[in-house]
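Listed in Swiss-Prot:
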type     : residues : note
TOPO_DOM : 1-30     : topological domain 'Cytoplasmic'
TRANSMEM : 31-52    : transmembrane segment
TOPO_DOM : 53-777   : topological domain 'Periplasmic'
REGION   : 162-334  : region 'Transglycosylase'
ACT_SITE : 200      : active site, proton donor
REGION   : 415-709  : region 'Transpeptidase'
ACT_SITE : 476      : active site, acyl-ester intermediate
């Protein structure tokens, strides 16, 4: 073969090899392309599927209830009206409880100025049950009788009334540990939003949920630092993570976070996203509760509504977003201050603050509360609220559905009652022993609304509530029911009726004998009915009760609100040998001292759902349970008990208040009771031991002392009892045997229900003085 033909042969082989290689490459590329586009299509389908799933999940949360919202509980709404007797000092106390700030000249909501006869204040805006009310600048003028004028300084006119916003009591316990106070977007101060964006997400209004610029900026900072010191997540990404994802540092979580942020940004407005973030962000702990949202964090750290915080305080909260535990101002004050000042500096650099404003803000102290708490704890009262919510709402009650509950709690009464127990129990325990316990409840005398409740000497302890659950013998607290039963028969009994105080022995059906004795072991021979009750004498009470009949007294107790199944019909029940809770005693005495009108005890006033719909509203349910005149006369005798009977310790300190009261002591001094009544409240106090051992305390030496301490803090309102129809005063002369005799002209007077006008006729038919002298001559 020639060289030329050989070369041609090699050329053909080379071309053939190249052609084969090219063909293989094309086949390989074709396969890659085929696999690639299939994979891409599959990936796209997966992404679409994931997107649809994530979109559905986001829509379900955002267009339903985005958060678990706690049931928010408020104290009573105080309505100020000229002529209602409210003193200037009492209003100051109310404003202090509501954390109003005393200043020289009010400029902002939540501030007031005070003089000797005036208070100028700017009432905070609040969304009441019947609608929202804006902030309002008013001048309140007082005279010797109390509040006499309310003037709107903006409208230059007098107002008939003014409502103060209620105190936030706290949130009811729920399954989730998250707690938040939801605010609408327009309720957040704009300077807070500006500070947050300049610190956490400067491109918020420009990006679509994910910010490549922020990611790049974070990468540069982290590379320079040699470690992760700055994240590139937008607020939208943080929101997606907080609501839907865990905090795991994985690529898969970051990808889902970014994808969800894009969907959220596409579906919802920037303001809607901001509202969600501002209410969702975690900002610390209060015990076991996780505090979410700026609204509740403001209450936790500063004890003030968010709208009233200074710029430096808002900056502190914004600074804590990066690490609430690390920058906790209550534990790491200097670290928190540095972070706050950094936020303030960023605000100045971005023209949110001027240089002078910045300088003023960085020089301010942190001004956080001494202890991190949302509100004062009233666990006993909260238990009552929970019970009533379940009773009134049934299946509608869900603790995480954002209900707003308005109660009748009086924050001044509550705090002063707690303070009285804190002060007195250590002193009384020196006599009774360290295991001495307490329970107390104060109710409105007319409406039956529960104004305060303390379940034990550890007032903030959420445990056994003795007001509701400690059923103890009531001792002499039963006696007014015995005398009420008698006074309901005015043709047979009145306050001047003579009762025998002589040795008495009662025989039982099985031959047993019971001999009641007075506490002092003395017998007085004869005693007027009113004094037997005032001095809480046992023997006359038992004698009277047996004459009336045990069933009759038991029926009276039933009318006053006592479950008759609790009462064993034996003679000793006339001295309180049966057991009631302080709650049941409070109901009994509310009815008695309200001229026989029973108003069921209640803590709820109204309940609103998240949209503001009224789910429950309390309506007056007062009924005449016992004769008005008989109840009034019994209460009068209880007033005498404070003046000259077992409650006279009170009269020495509060004589001008004309108080009524009743002591109660059980066998071996196991229980010490006192029920005190002023013009405002019926307050029931019990002292004893959970193991039912003796305390060495009587009602007068124990529970009454707690009540007296309470009145030192909570100035009593004078008890005025409007005279019912048919009650007339008559003169009586004291007899040597101890009883009373009608003496129409005598200076010593007693009110009498003279329904058949027997005493009136006796006085009208008596001989005149000159005729008597004539016969004497």
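Each residue, glycine too, has its Cβ placed from N, Cα and C.
Taken together, the residues in the topological domain 'Periplasmic' (53-777) have a mean pLDDT of 91 on the 0 to 100 scale. Residue 200 (active site, proton donor) sits 67 Å from the residue listed as 'active site, acyl-ester intermediate', counting Cα to Cα. Of all the active-site residues listed (200, 476), 200 has the fewest other CB atoms within 10 A of its CB. In the three-state DSSP reading, the residue listed as 'active site, acyl-ester intermediate' counts as helix.
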